[in-house]
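**Student:** Taken from Swiss-Prot, the feature ATP binding site applies to GLY34, ALA35, ASN36, GLY37, CYS38, GLY39, LYS40, SER41, supported by sequence analysis. Taken from Swiss-Prot, the feature domain 'ABC transporter' covers 2-236.
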Amino acid sequence: MLATSDLWFRYQNEPVLKGLNMDFSLSPVTGLVGANGCGKSTLFMNLSGLLRPQKGAVLWQGKPLDYSKRGLLALRQQVATVFQDPEQQIFYTDIDSDIAFSLRNLGVPEAEITRRVDEALTLVDAQHFRHQPIQCLSHGQKKRVAIAGALVLQARYLLLDEPTAGLDPAGRTQMIAIIRRIVAQGNHVIISSHDIDLIYEISDAVYVLRQGQILTHGAPGEVFACTEAMEHAGLTQPWLVKLHTQLGLPLCKTETEFFHRMQKCAFREAS
């Protein structure tokens, strides 16, 4: 399990995270939302062991995180982060070598590396461009390479920072499909994003942060339907939730579900 217990973190004398109690093992996809400066990025760095809290703990497998070199190495094989900018974690000019980089550092046999790289590229739908030079890839393709680089570690938790930032509508739809495939393999995904519609559609649970504290958390439909909480957090409601709260239309999880239900209603009225 990956969780936090009364987690506090400050930069110099300025508290950034204030007593966070969170459990990311309870839901396949957990969304983190909040205005700029609410602590999302700092939380990610604490979860991955890049930062160490001054009080409280990150809990891994039910125990406080071990910050020794061996402990952090073990954590990062199970909890992998994919940054908003894929350029921050792509080091090679060819895709296969870049994805295999961490496995070779760990001494994984070449046959196993080949198998894992091939599986990861298939999962992120990158087989058709795997032989292109990385510098020729689009931003969205580089994001998929970065995700594949995390997947080859067979991590059980994937931390995605703004996975749809900079993507066109087709790329955004493809990213949602990739996340669903990752979860279908039994993994957990934690998403930090300003794309409120993405978080609503794909998350099973949501934490809303405000000034380093948990303002509210729960099921996406319940959390985002609370207009007062959204305003307090400096957020807007997902458009599907707005249709429900402001117009009284049925609360739907996806655009496809919404239009399907509207078409059924129109058909009934016409008949």
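Cβ atoms here come from the backbone N, Cα and C positions, even for glycine.
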**Student:** Here the binding-site residues are ALA35, CYS38; which one has the lowest number of other Cβ atoms no more than 10 Å from its Cβ?
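**Tutor:** Selected from the binding-site residues ALA35, CYS38 on minimum Cβ neighbours within 10 Å: ALA35.
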**Student:** Centre the Cβ atoms of GLY34, ALA35, ASN36, GLY37, CYS38, GLY39, LYS40, SER41, go out 8 Å, and tell me which other residues of that chain have a Cβ in range of the ATP site.
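**Tutor:** Along the chain, the qualifying residues are LEU209.
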**Student:** So for GLY37 (ATP binding site), how many other CB atoms are inside 10 Å of its CB?
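**Tutor:** Its Cβ has 14 other Cβ atoms within 10 Å.
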**Student:** Counting Cβ neighbours within 10 Å across all chains shown, tell me which of the binding-site residues ASN36, SER41 comes out on top.
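**Tutor:** Buried the deepest by this measure is SER41.
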**Student:** Return the residues near GLY34 (ATP binding site), defined as same-chain residues 6+ apart in sequence whose C-beta is under 8 angstroms from its C-beta, sorted by sequence, else 'none'.
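**Tutor:** The answer is LYS40, VAL208, LEU209, ARG210, LEU215, ALA233, GLY234, LEU235.
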